[in-house]
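Student: Structure in structure tokens, see below.
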Amino acid sequence: MSVAHADDADDYSRPTGESYHAEKALPSGDFYTGQWRDNLPHGHGKYLWTDGCMYVGDWHRGKTMGKGRFSWPSGATYEGDFKNGYMDGKGTYIDSSGDLYRGSWVMNLRHGQGTKSYVNGDCYDGEWRRGLQDGHGRYQWKNENHYIGQWKNGLMNGNGTMIWSNGNRYDGSWEDGAPKGNGTFRWSDGSFYVGVWSKDPKEQNGTYYPSTSSGNFDWQPQQVFYVDLSECVVCTCQRIPVLPSQKMPVWYGASEQSSSGNRTKNSERPRRRSVDGRVSNGEMELRSNGSGYLQVDDNAESTRSSLGPLRIQPAKKQGQTISKGHKNYELMLNLQLGIRHSVGRPAPATSLDLKASAFDPKEKLWTKFPSEGSKYTPPHQSCEFKWKDYCPVVFRTLRKLFSVDAADYMLSICGNDALRELSSPGKSGSFFYLTNDDRYMIKTMKKAETKVLIRMLPAYYNHVRACENTLVTKFFGLHCVKLTGTAQKKVRFVIMGNLFCTGHSIHRRFDLKGSSHGRLTTKPESEIDPNTTLKDLDLNFAFRLQKNWFQEFCRQVDRDCEFLEQERIMDYSLLVGLHFREAAIKDSATPTSGARTPTGNSETRLSRAEMDRFLLDASKLASIKLGINMPARVERTARRSDCENQLVGDPTGEFYDVIVYFGIIDILQDYDISKKLEHAYKSMQYDPTSISAVDPKQYSRRFRDFIFRVFVEDA
């Protein structure tokens, strides 16, 4: 990224807002010629870099914005839409080899509908995600073989049809670029083979049906993999050498001009609305206060109407380690012994197509664990107990569906490291435990919750199987420990994925329902730490997602809410976690709040190159999913002082770059008699629309209305 000093005396003498043609030879050796306003490129202009890169097109306040053409010294070119320095919108990219892509872009990535023509004669037309073929698409090879169907991460994956130029075809399931699962291979003479396909001959199983004319012939299904598909290789996309957003200069000198004596006080900064609804000329700056925080401070003339500093404290590991002497130490040992037994028990390979009997509530296994051990269980130092597995085949298949490795699963829960108990039980009375690596959360369950999960398990399984990007909680196991002796105590618990298992510190977390009664945390801002779960009336941000992510988010929230409504579930919430990216860049050892100065000519403090490297790094790209590890922006909001229960605050113009995590949690509360009574009782005291306990249909509608107000498209 180059640095451009715009300090010509002529610029300061011109009236504010006047555009004119300028030619700027920059200290770096770069050269700009074109429209110029307020000491920044603004309008149409050309920028030449010393390394041979060139941009010709529209500028807006020092950034490439609108239509433009970027060329590289290698001969590669991009022509199309730009936004904030990124290739974003519709555009055509021709790489140095001659491969051509024409279609949609989001933040330098091929994303949306697009066509790729390869110099060797191959062509792909279809959907893209994060730079790779993903969704529905058609790929045609130069020899006229073609595939039509689903793609994932640049490979044929899902249901699809391959048609060879000789008339043969395969219809069925694909995985990682090859047939996998149920499918039919047909020859041009009418004969066909139907069965289960796999590269592993042991898993291959099917029946060959010859045509009346061909008769029997010697053929092996593995020929499809090693002969028929040998020429059907999908071409890869050449990496873009240097991204335009990485080349964008940082223009220094603009902010100095804006505060010079040539301007009037009222023209120094665009105005913003303060917390009490008044308008102020808040000039803000990001600074360190020397106490482990970064904060945003207003100048003296707008202090009274400012929001005050946004403080982010260093994140600390949650929970208390359960060691010997802890009241739940033996329960933890029992749990670990049971998990090790359940997961390690030999079992036949399972298909994703489960029989109805696997979901039978009576489908459970009891195992006795005497202290001295038995034929099936090891000796242990805990008390004697019984262990129950609910629907073991279903949960084993769910772990397979969620790509959970059995050995890693056991190591996380049953390894040498102890579990951690969260400091206080939830509102429901349940206790929560975290594995030491933060991957899994274990929650104790009431009998009623257990019944709800078992009842909805068939629908839940079908839903998560059909919706790869579902936001609902991932369940990995449902178990029960029954202590022997006089107490005969039963402890039921479910193992879930931890949404905040991440290498990033979670600086803010929110639990959002869309209701207002009791949805406020009483802690003042100064006492809020990263482990504080804030609620609806504490929310002081709007979450801004890129267009394609936002559209996918809306679709998935609708599908998940429809599923929960059909199952008569209510009282669920959207758990949201924010990692402020500037905090990590400023000080990796002590995470602090990063703020983007919201007004005037000041530029973003985050490097675009950092964002590009994050988005295009192969390891990080693979980790980005809907609700997981997503780059986004948040805008700080403020509630009016005269509106006590205002759910969504007014925008302030303060923006922050974040990594956002979110998912729908607490999905095991049905609208039973207790919730109906709660609704009737509270409705006599409070506004019926403000309380959480409402009919599932009304709950779903209110939840979605609220979520779609606080999550918006980042235009």
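Positions of Cβ are set from backbone N, Cα and C atoms, glycine also.
Computed from a predicted structure; not experimentally measured.
Not my notes, these are from Swiss-Prot:
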REGION    1-21  region 'Disordered'
COMPBIAS  1-13  compositional bias 'Basic and acidic residues'
REPEAT    32-54  repeat 'MORN 1'
REPEAT    55-77  repeat 'MORN 2'
REPEAT    78-100  repeat 'MORN 3'
REPEAT    101-123  repeat 'MORN 4'
REPEAT    124-146  repeat 'MORN 5'
REPEAT    147-169  repeat 'MORN 6'
REPEAT    170-192  repeat 'MORN 7'
REPEAT    193-214  repeat 'MORN 8'
REGION    253-306  region 'Disordered'
COMPBIAS  255-264  compositional bias 'Polar residues'
COMPBIAS  265-276  compositional bias 'Basic and acidic residues'
DOMAIN    321-711  domain 'PIPK'
REGION    671-692  region 'Activation loop'
Student: Is it possible to list how many residues within the repeat 'MORN 6' (147-169) are helical, extended or coil according to DSSP?
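Tutor: Its residues fall into 0 helix, 16 strand, 7 coil.
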Student: What are the DSSP helix/strand/coil residue counts across the repeat 'MORN 3' (78-100)?
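Tutor: With helix first, then strand, then coil, the repeat 'MORN 3' (78-100) has 0 helix, 16 strand, 7 coil.
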Student: Mind checking which residues of the chain, 6+ beyond the ends of the repeat 'MORN 4' (101-123), have their Cβ under 8 Å from one of its Cβ atoms?
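Tutor: Residues packing against the repeat 'MORN 4' (101-123) from afar: 80-81, 86-93, 129-132, 139-142, 234-235, 237, 240, 243-245, 546-548, 611-612, 615-616, 631.
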Student: Using DSSP, how many residues of the repeat 'MORN 8' (193-214) fall into helix, strand and coil, respectively?
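Tutor: Looking at the repeat 'MORN 8' (193-214) with DSSP, the answer is 0 helix, 10 strand, 12 coil.
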Student: Taking residues 6+ outside the repeat 'MORN 5' (124-146), which of them lie with a CB under 8 Å of any CB in it?
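Tutor: For the repeat 'MORN 5' (124-146), the nonlocal Cβ contacts are 103-104, 109-116, 152-156, 162-165, 231-232, 234, 237, 548, 615-616, 621, 624.
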Student: Counting by DSSP, what is the helix, strand and coil composition of the repeat 'MORN 1' (32-54)?
Tutor: 0 helix, 16 strand, 7 coil
